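Okay, so here's the structure we're looking at.
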Amino acid sequence: MDTKAFKRSLHKSEQYHRKGFGHEEEVTNLLQSEYNSKLIQQIRNNGYRLQQGDVTIHLAEAFGFCWGVERAIALAYETRRQFPQERIWITNEIIHNPSVNKNLRDMKVEFIPVQPDGQKDFTVVGQNDVVILPAFGASVQEMQLLHDKGCTIMDTTCPWVSKVWTSVEKHKKGSYTSIIHGKYKHEETIATSSFAGTYLVLLNLEEAEYVADYILNPGDTPSEREQRRADFMAKFANAHSPGFDPETDLERVGIANQTTMLKGETEQIGKLFERTVMRKYGPAQVNEHFLSFNTICDATQERQDAIFQLVDEPLDLMVVIGGFNSSNTTHLQEISIDKNIPSYHIDSVDRIGPGNRVEHKPLNADLTVTDNWLPNGPLAIGVTSGASTPDKVVSDIVEKIFSIKSASAEVVGVR
């Protein structure tokens, strides 16, 4: 499919929208009342620190809602106001935050049902319905299906995600295989790969090193090459385009990324493949075999930079707040753990209690319960949150921490 031509056609359709409907002031006021926090603003104004009793909160200087998330939520709220009686669907969670998605459900925004085989059931969508595409975007196949149905589409895709789509389309035009640094099951990567031609999704630097080694050492004999190819295909069974052949499709590669991945790792992967093609084809041929554009999201970079700064503080523990399926939140937790700071990833204040107990998600593990997670005595606690987390959620958790440590330290009347 010529995805670029399809996007141009879709954007010209009267049924397609990616801007608001004139309800900005009303929606802005509503979002501020639902998601903002006077306490968090107070902490910002106080140099990102607040002490109550023997607890000092150190807040990251960049955290919480990014511009793309705020925009997506605002457009979803505007859509409901513009179409008060119509049936409204959304193809996925608008963002990875349970409270925001619950609010949309309360507004009678329905989620496209998922069948037992994992495929979405779009037969429920009627011609007169409205469908919201979330901040992560949607695959080009889903967009075409909805366009063909003739339903109204509100596209809240983050512009940074759209920028990555443009990059992989350039890879496709130049006959480069898109090496996508991301999680192959993540909604954003699914959407991005649908705009690519030939692609391979790599989770981390370790997988990238495996691929780089294959490029340089595919095997010396036919049997070795056959075995190495079979091992490669088994390792990346669910992470490549149909018909992908590592023997031919890794001769020309372009780098792209899921916007929420670790910035430093994406850069390392890009440099690794640049060095790899230089070794294989020579310095003069690098541009014939390697292509890279800067597709690292500013907001992701800012939040990662802020927690790198925060973990240099003498902290006793870190609280990382965000949806458990939020990629950018998970990476914030990784940074804290790499600094050997005890880290608790929670998605809401309801995970805390009763008493000095917390239900949290360790990195790459299931939910677990830890008792006495807040030690006695003075505590310096780092707090950050993913790009999909409202200030109000952070505020509730900070207040809960204060109340556990000392009843006299409860923050009264500041919200």
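Any Cβ shown, glycine's included, is placed from N, Cα and C.
Per Swiss-Prot, the features are:
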| type | residues | note |
| --- | --- | --- |
| BINDING | CYS66, CYS158, CYS297 | [4Fe-4S] cluster binding site |
| BINDING | HIS96, HIS186, SER326, SER327, ASN328, SER388 | dimethylallyl diphosphate binding site |
| BINDING | HIS96, HIS186, SER326, SER327, ASN328, SER388 | isopentenyl diphosphate binding site |
| BINDING | HIS96, HIS186, THR259, SER326, SER327, ASN328, SER388 | (2E)-4-hydroxy-3-methylbut-2-enyl diphosphate binding site |
| ACT_SITE | GLU188 | active site, proton donor |
For CYS158 ([4Fe-4S] cluster binding site), the spatially nearest of the binding-site residues HIS96, THR259, ASN328, using Cα atoms, is THR259
Here the 10 Å Cβ neighbour count for HIS186 (dimethylallyl diphosphate binding site) comes out at 18
Near SER388 (dimethylallyl diphosphate binding site) (Cα-Cα within 10 Å), the recorded positions in question, chosen from CYS66, GLU188, CYS297, are CYS66
Looking only at the binding-site residues HIS96, HIS186, SER327, ASN328, CYS297 ([4Fe-4S] cluster binding site) has its closest CA neighbour at ASN328
Looking only at the binding-site residues SER326, SER327, ASN328, CYS66 ([4Fe-4S] cluster binding site) has its closest CA neighbour at ASN328
As a whole number of Å, the Cα atom of SER326 (dimethylallyl diphosphate binding site) is distant from the Cα atom of the residue listed as 'active site, proton donor' by 11
Checking the binding-site residues THR259, SER327, SER388 for other Cβ atoms within 10 Å of each Cβ, the smallest tally belongs to SER327
For SER327 (dimethylallyl diphosphate binding site), the three-state DSSP class is helix
If you measure between the CA atoms of THR259 ((2E)-4-hydroxy-3-methylbut-2-enyl diphosphate binding site) and ASN328 (dimethylallyl diphosphate binding site) and round to the nearest Å, you get 8
